[in-house]
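Working notes, beginning with the structure itself.
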Amino acid sequence: MNLKDQHVHDLKHRLNDLPPLGIVCIVLGEDPATLKYVQMKTKMAEELGVQLTLLHLSGDSSITDLKDNIERFNSDPEITGIWVQLPLPKHLDEQTVCNLISAFKDVDCLTSENLGQLLHGVNNLLPATVRGVMSILAEQKTELNGMRALVIGASPWLGKPMALALSNMGSSVTLVSDTEKNLEDLTRIADLIVSCVGKPNLITKTMVKPGAVIIDVGISVIDGKVIGDVAPDVSEIAKYVSPVPGGVGPMTVVSLFENLADIAQSPL
């Protein structure tokens, strides 16, 4: 049984002991990549027996449209979790939209209130992708305490919370953008690299320390093929490289519903 299937198996047992859970996904526009992610999560909800409500709004929806709908779901006792599928159309500020979600129903940990807990050293609730990465590292028995970690990509939704989560586990973390001039110098001394950029072959074999652990979160589509940030030959020198596709992506989907179960079991 692979890691994703094991987590799904364990999660089903957890959900059996809980009352029926409801989750809401709000998606704007018709971006194919966004709709594909939503489809994956919808399929997972069906597999887990979670009632998922999909609110599909037009790409030109206003902040008022979102506020009215999110407030309705915030006050609905049948709804345990809410997430807004990112990215949003450019006329909407993503943090402002995410902050409309009640922190008690913020299943993807994207409100300022929940992200702020990471700043205080608390990893109780993590963004789904960050949780997925941490699950992979745990499965690989990666000792994070004292590890020199490099996170590439400083997104407020991924790179920054990823760096904080690793720091809270005792890692010495460097966070950089993909335009960092000294990137190769940093990758060559890192025990752990988490790349969250979306730039094909950003990390090559000559840039990696022997025995390093590499988590590839980046996704690009070239000639219809999904590839990551890490070149294939890096696996010849690294201790572990997460695959793309089939690595972080599936674990992100499962992690969203693990967060839902955590919220359902948490006292308000």
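Cβ coordinates are placed from backbone N, Cα and C, and glycine is handled just like the others.
For 20-108, the entry in TrEMBL reads domain 'Tetrahydrofolate dehydrogenase/cyclohydrolase catalytic'.
According to TrEMBL, the feature domain 'Tetrahydrofolate dehydrogenase/cyclohydrolase NAD(P)-binding' maps to 127-265.
Take the CB of Ser155 (NADP(+) binding site) and look out to 10 A: across all protein chains shown you find 17 other CB atoms. TrEMBL lists Gly153, Ala154, Ser155, Ile219 with the feature NADP(+) binding site.
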C-beta crowding around Gly153 (NADP(+) binding site), within 10 angstroms: 23
Cα-Cα distance maximum in Å, computed over every pair in Gly153, Ala154, Ser155, Ile219 that the record assigns to NADP(+): 15
